[in-house]
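Structure first, then comments.
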Amino acid sequence: MTTPALLPLSGRRLPPLNLGASAFPHHRATLRLSEKFILLLILSAFITLCFGAFFFLPDSSKHKRFDLGLEDVLIPHVDTSKGGKNLGGFLIHGQEHDEHRHREEEERLRNKIRADHEKALEEAKEKLKKSRDEIQAEIQTEKNKVVQELKKKDSKPLPPVPLPNLIGINSGEPADPDIREKRNKIKEMMKHAWDNYRQYGWGHNELKPIARKGHSTNIFGNSQMGATIVDALDTLYIMGLHDEFREGQEWIDKNLDFSVNSEVSVFEVNIRFIGGLLAAYYLSGQEVFKIKAVQLAGKLLPAFNTPTGIPWAMVNLKSGVGRNWGWASAGSSILAEFGTLHMEFVHLSYLTGDPVYYNKVMHIRKLLQKMDRPNGLYPNYLNPRTGRWGQHHTSVGGLGDSFYEYLLKAWLMSDKMDTEARKMYDDAIEAIEKHLIRKSNGGLTFIGEWKNGHLERKMGHLTCFAGGMFALGADGSRDDKAGHYLQLGAEIAHTCHESYDRTTLKLGPEAFKFDGGVEAVAVRQNEKYYILRPEVIETYWYMWRFTHDPKYRQWGWEATQAIDKYCRVSGGFSGVKDVYSSSPTYDDVQQSFFLAETLKYLYLLFSNDDLLPLDNWVFNTEAHPLPVLHLANTTLSGNPTYQ
């Protein structure tokens, strides 16, 4: 998983000023009370106007039928114009009787208006006797009714789609008691993280476990969208924590609302929310998750309204206005953001039958195929207005990482039919291996970053996912190089383990260098933190699945123990600011991806391979499992890419 938006300090914002009810409690209550009273006065005036109208309006009963919903007195009329005796219609019985009847009905109507008027005034008096809290509660109830009615109107029924063949969603119990005990420990850690979020941060995006309150960042905008709930659902499900899963489902059903005036990261919302909702739908079969995913996807589509079709980094969910991060190379979009939509958008088109999502991501792919690439490498920045590359900076870590991951996974998710994606992946990996992958003096294989023609010998924690990617893509690689790429994955896993092992806490830093005598160690203070990231453990899990070498479980257990010892607090789990310090300070954030990815990959590492087998499931970059689509039976099978 990549979180480029979190890297630069300029991407952060000050918390919004709170001008809610607590800021001006008395003024706001008085305002609401006055509004209520004014509405009642208007209603009374309207009723009085109607009542008076009957005294001053001219009597039109002689010209028009005044229907009060009562039956008219009618008598049959015999049509004798042709000498016959059959009935030809009806006539009103007598003008005098008609006028008398209407006078009576008008009097009755006046009396009814008087009674309604008096009743309205009595109700107004009763309302004004109520306390401020009671009136506010009634207003909120009415608001909720309106919101629910609007939601019903917006919730268009989706077409029925047969679910793919889902295998391995309730299995994986290891026979070895030692492995089973370790897996249960990881499950307990998940429950500790969830229970504290449930108690102290429920509905907020994330948790501050030490302050014991909700937390959010600018990637989620200014609204509380329950990011941890959505991100954690599939982990809860595969761990068998079904009561907790139902808690999350209930919150999503009743509270998850995307009609908010909030500017969010398209990338983060896609991988965490759409990916999480789709995975929860496939695992549980509960329609609410599919409906919410499609609603949210519709809110993201305006981000693609650019001259090139390359989406903006951010979009306002209410207005649809998009823009890019201010720090991103002269207004550019970021490769890892616009290049990490394919998996989720293909599934959206599959589930809805609407090709718009598929067409959006395929347009991005076609544009990239036409562009020149320096040294065969994809720069991290692309201007959505001009269609030109920004700064020539290439990384397999932050800003670039999951673009390459999704090329490979597009091929896997298509049941290996999307050969175009596979070719793009193979071409990119060959260029990366030629220009970015090196061996240190101490024999450690690392992936550097290309900046303006120069290789920076630094590797980020985010880049450590690549070991697992190389192993996952080994089968099907060119020129019978499967063994080579599996070995390359093992070397990256070893390097990243060294970055953990060379710290005091046995947890890896955010970035580490390979300069001179310094290898796999962070040099700058602002690169020594660990924020509960999953990428190293992700690679351990993939390597375990493909090799069953016991060292990967050993390394995973070392990380588990270190997290439990140094990151666990009474209110959840927190990142630490310096992994080289024996008494580190906490950053006081329990990231949503800790529940979505880190704990999920650890749990899978100590489970049997029949839990979410890789022949049937492909994990998005937030570790949300999506099923392989056998596209001969889907709405996408007509596309030449998949033939």
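Each residue, glycine too, has its Cβ placed from N, Cα and C.
According to TrEMBL, the active site, proton donor annotation covers Glu268 (among others).
Taken from TrEMBL, the feature active site covers Asp401 (among others).
Positions annotated as active site, proton donor by TrEMBL: Glu510 (among others). In this view, Glu510 (active site, proton donor) is surrounded by 20 other Cβ atoms within 10 Å of its Cβ, with every protein chain counted.
Residues or ranges marked as active site in TrEMBL: Glu535 (among others).
Look at TrEMBL and you will find Thr621 tagged as Ca(2+) binding site.
The feature disulfide bond is assigned by TrEMBL to Cys464-Cys496.
Using Cα positions, the member of the recorded positions Glu268, Cys496, Glu510 nearest to Thr621 (Ca(2+) binding site) is identified as Glu268. Taking CA atoms as the reference points, Cys464 (disulfide bond) and Glu268 (active site, proton donor) are 19 Å apart. Note: the Cα of Cys496 (disulfide bond) and the Cα of Glu535 (active site) are spaced 9 Å from each other.
Rounded to a whole number, the C-alpha distance linking Asp401 (active site) with Glu510 (active site, proton donor) is 15 angstrom. Distance noted between the C-alpha atoms of Glu510 (active site, proton donor) and Glu268 (active site, proton donor) is 19 Å. Around the Cβ of Glu268 (active site, proton donor), the number of neighbouring Cβ atoms within 10 Å comes to 27.
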